Amino acid sequence: MRPNIITEAGIPTRLNQWWSSIPFITSGVVLICGVIYLLCLLIGYDSYAEICFLPSAVASHFQVYRFYTSVLFHGSLLHVLFNMLALVPLGTELERIMGSVRLLFLMFLLATTNAILHLTFAFLVAYNPLYSVPNLVNECSIGFSGVIFSMIVIETSLSGVQSRSVFGLFNVPAKWYAWILLVLFQFLASNVSLLGHLCGILSGFAYTYGLFNYLLPGPSFYSKIEGLSALSVCVRRPGFIMCTGGTTYGQLPTYSNTSAAPSALINGNFLRNISSWMPSRHTATAQEGEDPRFPGRARTLGSAGTEPTAREASAHLHARLLDNTTPSDPLTNTQHTAVNTVRADATVTAEQVDTFDEELKKLVGMGFEKTQAEVALAAADGDPNVAIEILMSQQG
């Protein structure tokens, strides 16, 4: 009788599995930055004076291209390796939530806003009458780390975790995570751009507070890009994640009101958020209009509940679908009642109905079709985690 032999996959197999799990845009940025560094190494290009972010050159010669060339070049092997290894988990997580085209637009937006903030602060500090630091306008900065700091803030805000591990050594509150990394890098590494990283953190906060909502295109923009024949090869790639779906959504995921008037930027809630200097998770109410949007693949909300297996969830959902009737046009029926979706033998209070409606809005905001989300949430007895598992099993 042959003994049971357990073999482990070799390093090439593991590397191939790891690389294939990285979505399209994230892996593309890693490849572009890696290839650029190798080409610079081969041809001996190491001055970076023509492509780095140099505030004085941008202001005097209007060299706006430096906004984007500076983020793709790196100064050393450790520089590019560290940045790309940090980008892979962050980019993978955000791309699965947003979709590939949305993440690409987000990176472009963050690179632009980071550069504008960097330029503004550099000249304010260099020419202020109290204590001027003129060297800041002549500081040449390169690297993707500014965008990575923005993505750290955004991903931390979206994840809702309470603590984060710093290099696996100790845990810190999640709201302080980006700030602690900023301070540690200044002490542990040399030639680190404090202003570049700081502007990245501020851009991430501005995004989570919804200050960029007026700069974000609608859903038709992403649909047109995904429908371009020139990009059909990219769209068909296994790692490409579509942005469009059955639910209409036009905003990147934030925790702010996406339909507020411009005057809302200075209201009391915003000032209280700014005073804390930290992103805070926010649950939209009926008076705030459109819910925050989580396009792409949904992520599980934090909960201590026990989740069923995919087979059990699928069977439960099929049973509920057969037993319940729903409106013919659920997306336009905004005045539905939660009493039709809960168990007939349950006692429904006004508070339970409000809770059910809020959880349903969250699921719809994540990109799930409203009818399926309503039935799945009812099948899960109001538990959003179980409902998400049911919906994901149906999509799988």
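Including glycine, each Cβ sits where the backbone N, Cα and C put it.
TrEMBL does not curate its annotations; it predicts them automatically.
TrEMBL lists 21-45 (among others) with the feature transmembrane segment. Beyond its flanks by at least six residues, the transmembrane segment (21-45) meets 72-74, 77, 80, 83-84, 87-88, 91-92, 95-96, 100-101, 103-104, 107, 144, 234, 237, 239-241 of its own chain at Cβ-Cβ distances under 8 Å.
The transmembrane segment feature in TrEMBL is assigned to 65-91 (among others). Panel annotation: around the transmembrane segment (65-91), residues 22-23, 25-26, 29-30, 32-34, 36-37, 40, 46, 48, 51-54, 57-58, 103, 108, 111-112, 115, 141-148, 151-152, 155, 191 of the same chain, lying at least six beyond its termini, place a Cβ under 8 Å from a Cβ of the stretch.
What TrEMBL records for 103-124 (among others) is transmembrane segment.
Long-range contacts of the transmembrane segment (136-154) within its own chain (CB-CB distance under 8 A, at least 6 residues past either end) are made by residues 29, 33, 48-49, 51-56, 59, 70-75, 79, 83-84, 86-87, 90-91, 94, 107, 110-111, 114, 118, 121-123, 125-126, 177-178, 181-182, 193, 195-197, 199-201, 203-205, 207-208, 279. Annotated transmembrane segment per TrEMBL: 136-154 (among others), in sequence order.
Under the heading transmembrane segment, TrEMBL lists 166-188 (among others).
What TrEMBL lists as transmembrane segment is 194-216 (among others).
Residues or ranges marked as domain 'UBA' by TrEMBL: 355-394.
Long-range neighbours of the transmembrane segment (103-124) within the same chain, counting only residues 6 or more positions beyond its ends whose Cβ lies under 8 Å from a Cβ of the stretch, are 23, 25-26, 29, 53, 55, 58-59, 66-68, 70-71, 91, 94-95, 136-137, 139, 141, 146-147, 150-151, 195-196, 198-200, 202-204, 206-207, 212, 215-217, 222, 252.
In terms of DSSP helix, strand and coil, the domain 'UBA' (355-394) has 32 helix, 0 strand, 8 coil. Averaged across the domain 'UBA' (355-394), pLDDT in this predicted model comes to 78.
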